[in-house]
């Protein structure tokens, strides 16, 4: 088994950078590894049109480390009021690459989200016409639905109908967490893909709940039972081009996570590709990592693959206990624990 792994530089097809002073930290972490990233728009207020996306993009670019060529790929936040004109203007901007469907209340800052998918059918039709993907947080959020069943219910109630109603629409089923979602994407037409996070490949709900509640494993969609984790590993390491890397790295200040009502989100951007390498190594599938991390995503979006490379080496190191996050700190996933792979910063 090789102790050195060289890949085409990967992209992150789902990340949260937040806004304001924290960008100096979050942008540096993602730019360390990734050439491009799909930037989630769930700010307060959300990124609802091309003008707001352009302003957010400029703030991200201003926070890039010196010499960085990292490219943020901007996303619109769909609301009940998003119009086809908003979609067409976003496409014409040249820097908005997708639109995001958050069911209202599904995750952090999603209160402005869509109350009924039927309300945005005209906007979805415009997405299909322009070729822009629809990114879907696939959970039903009604109070009577068990939190562990939200994803499957979304497939049954909405996802099948959405794909059938808009057969030419590119759809990314984001951060899938269940065997049901993996099977749905596998069996769906070629215009349906999915991102998978590192935490859902490496962990299941036992890691979060057994022996004490571990808030830094809490994210949405929530970690599921180990049988779903196995199905996600099967999908990610299969070589199927429908599945690609999306960290859903989502930082919150320490005090907001370690609280009586803690926020959802795992911070993985600081060591994302290293964590994915561990997951793929568990399956003896390191040869499949480059496709998942560096090829399938740009191919799905119709963008060129990166041409430069990164190199990982098998070299154990200890993750930091905390990282700066504006005036606060963020506790990264695996804080204080050993990681088995290390990114060569100089790519030597």
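Just so you know, glycine gets a Cβ as well, placed from its N, Cα and C.
Among 137, 158, 207, only 137 appears in Swiss-Prot as part of the Zn(2+) 2 site alongside 100, 175. Between the candidates 234, 248, 287, Swiss-Prot assigns the Zn(2+) 1 site shared with 14, 16, 100 to 248. Swiss-Prot lists 16, 17, 18, 137, 220, 252, 264 as binding substrate, and of 42, 191, 284 the one it places in that same site is 42. Put simply, of the binding-site residues 100, 175, 248, the one whose Cα is nearest the Cα of residue 17 (substrate binding site) is 248. Taking CA atoms as the reference points, residue 16 (Zn(2+) 1 binding site) and residue 42 (substrate binding site) are 8 Å apart.
The secondary structure of residue 100 (Zn(2+) 1 binding site), as reduced to three states from DSSP, is extended strand. The most densely surrounded of the binding-site residues 17, 220, 264 is 17 (count of other Cβ atoms within 10 A of its Cβ). Around residue 100 (Zn(2+) 1 binding site), the C-beta neighbours below 8 angstroms that are at least 6 residues distant in the chain are 40, 41, 42, 75, 76, 77, 78, 135, 136, 137.
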